[in-house]
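Asks: If you look up TrEMBL, you'll see B:127 marked as active site. What TrEMBL records for B:75, B:76, B:77, B:112, B:113 is substrate binding site. If you look up TrEMBL, you'll see B:15-149 marked as domain 'Molybdopterin cofactor biosynthesis C (MoaC)'.
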C-alpha cells in the first residue's frame, strides 16, 4: 500500500475522494523566481511604455494559469477559485520573483493552483525576454504556506 | 522602441509575425528538477507497482502540457508538434530531474513547449508526492539547446 | 487607488476576492444582434431542412461559450452554471437578435457569461452566413438585467 | 412539447435549470470494453516495463477526460468532481474492460462524466495499440448505476 | 523493445516522432452506434420541431470533439483538420448509427479524430435522451478505413 | 441545396473540406467598439499606473481569444496563426475601439479569428469596467478586410 494519496491501495492512480471533506476557506501562497543578466532585468523593469509590459503580462498569465490547473495536473480536482493574485518584484541578484496567492471555498486546498500560477508567470517572463537572453533560469518554486481545512496549516520553515 | 520581439515599436504586446519565416525542422531541449527529502525520493523511485507510478504520470503530464503551451503562454504561436519526449531520472542530491525534447516542422521554435513540458512534469511530481513532503522545491528550469531555423542554434554553455 | 475592482490598490490586476460573498441564486440576461442583407436573413430563417440550421447551431454555440467564459475573460471567476438558454429571433430591420439567460448558485454574478454567450452566438451566425454576406455587423451587445446577490439588482433603463 | 429535458417547451436546446436542486452526494458507475486479437491483448497486459504502460495511460486519460465532460457534451453542466477512478481489467474473450466511478457533491448527476471517462479510456487503448491492431472494436459502453439526489437511484438490470 | 509506437525502446511513453513523414492528404472513416428502446428512437427521430434536435446537436458535438482529440488522447499529435463530417442515421434494431469522416493534410493519420467524433456523437445522444432511457448502450465503435500517407491504406474487412 | 458552405447538399452541418485549397498568406482585419459614459472612458484611459491597465489586458485577451476561435465557433477550422495584433484606441463619442489584425499561412481565411479577437477585447473591457458602468454597449463589430487566397479579396465599403 502506498502513502501517496493519488495512488490507491491497489496501486492505481486516482483522483482522491474529497466528498466527505467540508467546504472551507483555504489559501495557498507560492513563490518562484527567474534569474537573468543585469541587462535583461533592467529591460524588464524599465517599463516606460504603459503597454506591452512583460511584468504585467506575466502576472496576468499566472492568474489565468491558476484557472487551468486541473487541466494541466492530471489528478488535481477542479475547484471554484475565489481569488487569485500574482505579483512580480525584483529580486537579488539579477532576478525577478513571482508570488501567487490563491483562495477557494472548497473541499481541498489550492497549493497546486498557486504553484502553477508561479510557474506560468515565470515561463511567460522567459517568453517575453528570450529574444535578448536565452540563458535565464527558473528556480526556487516552492509552497510558502497553506491554510484552511482540517488537515492542518503549513508554513515553510525559513532557514 | 523595444528589443523585445513580443512588444511592437508602439509598445503594444503582439504575437510576433512569423509569416515570412520558413517552415523548418526545429528541436528544443529543456531541463529542470525538483528536490525533496531522501525518503520522498525513495518513495517515488520505488515503483514496485506497475500502475499509479508518479514518474510515469509526470512524464505523461509533461507531454500533454507541451500541447497546451500556446494556451498557457499568452503570446506563443500555436504549433503542430511532431515529437515530444519527457524523461524523469534521479539527480543528486535527493532530486528528480526532468528533461524534455520537443520537435516541430514549423515557422518558429519550440523552446517554450520544452520549458512548459518540464515545468508541468515537475509540478505533477509535486502533486503526486505532496502528501508526504510539502517542502519540495522546483529549480534549474532552463533551455539546454535549440536548433533549426535561420536565427541560429543555441547551446547552453556549461560552467 | 482605483475604482476598478479587478485592479488592486497597488495597481496590479487581480481576480477579485469573492470568498466572503454568499453563494446565492443569480441571473443575468444579455442581448445583441447581427444585421445583414434581407436576402441573407431570409436564408437564415428559411430552415426547411431540419439539420444544419444556422440558428440552432448559433444557439448551441452560445450555450457552450457561456461555459468557457472564465477561460476567455482573463479576470473572470470560474462558476458552476446551473442554467443557460440562448434564443435567436428575427429583429428589424434585417437582423437576427440573440438573447441569453444564465443562472448560477454562486458567489458572484454571471453578467460576463450572458454577454459571452450572446457574442459567440452572433459570431457563429456570422461564420455560418459569411459565404453569402461578409458585410454583416454585430451590435447592441448589452446587459439587460442582473439579479440576485447582495450588490443590488440592475435593469437597463429603456429609452 | 418534449419529454427530453435538454429541449425546452418551445423546442429550443437548453442547459436545463438545476438551480432549485439540492447539492447532494452523487455517484455514477459506467463500463465499456474494447475487443482485440489475443496477441494484442497479451501485448497490452504484458507490462514488464514499469513505464509507458498502455493500461496505466488509458486509466489516466479516462480520469482527465471526466474533467472535460462539460466541454465535450454540449448541454452538460460543469460540475466540481470530488472523486474519479478508472480501472482497466482483462475481459473475455480477448478484450479489456474499463470501469469508471465518478462522484460529486453537486446539483445534478455525473452519468455523463462516467461514460465519458470510459469512452476516453477505450479510445486511448485504441491509440496505444493501433500500431499492431486496427480492427479493435469498442463496445458495451453503458451506465451501471447512478445514486444520490432526489430523482431516484438507477441500477442496470442484469439479464 | 516494444512494437507499440507510442512506447520507446526504453519503455517510456512518447509522442512518436513524425517529423520525417511527408504531409499528405489523409482520410479516416469511423463508425459506432447507440442502441435504445423503440420508443426512445422514435422520439429522437421525430424531429417535428426544427430546433433542439438531438441528432443535429450530436452531429455538431462530434465535429467539435474531432478538434479536441489531441487534448483528450494523451499521445495524439495536434493536426490541422481540413474537413470533418458526422452523420447520424437510423440503424436496426432500434439504434442510431454515427459515421464520421475526417480529413487532414498532415504528417500522420486522423483515425483517432474519426473515432473520437463518433464517440462524442454517441455520448451526446445518450445525454440528450437519458431523461427517457438510461439503459442505452454504445457499441460497435470501429475504424472503417484509413487512406493516404505512406504506411498503406486500411479497409476493415466485412465478415 | 444550400448556398451556405457550412451546410452540405444534404442539409447537414459540416466543417467544409479545404483539403484542395492551397496554403497561402492570408490576412483579416476586424473592428468593433464599446461605448460608455465619459467618466468610465476617462477612467480606462487614465493609465497612470503601469500595471492593471484595462486596455493592455483587453488587448492581450483579444490576442489569446484569436487562438481559441476554433474551440468557440463550431465549424471553424483550426489554423496555425502566424501573427495577431489587437489595438484599442479612443473613439468618439465616449467609446473605445478595438482593431484586430490576424495572419496565417493556411488553407482558409482568418476572418473569424479577427472578429473573435475584437469581441473578446470588448468583452474584457466590459468586465474590467463594469464595476463603474453596467450600461456599456458593444457595437460595430465587422470585418474590415480579408486578403490572400484564391477566393478574392474583400474590403468593406465605407459609406
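Just so you know, glycine gets a Cβ as well, placed from its N, Cα and C.
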Asks: Max Cα distance spanning B:75, B:76, B:77, B:112, B:113 (substrate binders), Å?
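Replies: Farthest-apart Cα atoms in B:75, B:76, B:77, B:112, B:113 are separated by 13 Å.
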Asks: Round to a whole number and give the Cα-to-Cα distance in Å for the pair residue B:127 (active site) and residue B:113 (substrate binding site).
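Replies: So the alpha carbons of residue B:127 (active site) and residue B:113 (substrate binding site) sit roughly 21 Å from each other.
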Asks: Per DSSP, what is the residue count of the domain 'Molybdopterin cofactor biosynthesis C (MoaC)' (B:15-149) in each of helix, strand and coil?
Replies: 44 helix, 47 strand, 44 coil
Asks: Taking only the residues in the domain 'Molybdopterin cofactor biosynthesis C (MoaC)' (B:15-149), give me the average pLDDT of this model.
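Replies: 93, rounded to a whole number.
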Asks: Including all protein chains shown, what's the count of other C-beta atoms within 10 A of the C-beta of residue B:75 (substrate binding site)?
Replies: 25
Asks: On a count of neighbouring CB atoms within 10 A, which of the binding-site residues B:76, B:112 is highest?
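Replies: Of B:76, B:112, the one with the most crowded Cβ is B:112.
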Asks: Given recorded positions B:112, B:113, B:127, which are under 8 Å from chain F when comparing Cβ atoms?
Replies: none
Asks: Are any of the recorded positions B:77, B:112, B:127 near chain A, where near means a Cβ under 8 Å from a Cβ there, and if so which?
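Replies: In terms of proximity to chain A, the recorded positions that count are B:112, B:127, given in sequence order.
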Asks: Please list residues from the chain of residue B:113 (substrate binding site) whose Cβ is under 8 angstroms from its Cβ, counting only those at least six apart in sequence.
Replies: B:28, B:66, B:69, B:79, B:81, B:84, B:100, B:102, B:104
Asks: I'd like the Cβ neighbour count for residue B:77 (substrate binding site), meaning other Cβ atoms within 10 Å of its Cβ, all protein chains included.
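Replies: I count 23 other Cβ atoms within 10 Å of it.
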Asks: Is it possible to get the count of other C-beta atoms within 10 angstroms of the C-beta of the residue listed as 'active site'?
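Replies: Result for the residue listed as 'active site': 25 neighbouring Cβ atoms inside 10 Å.
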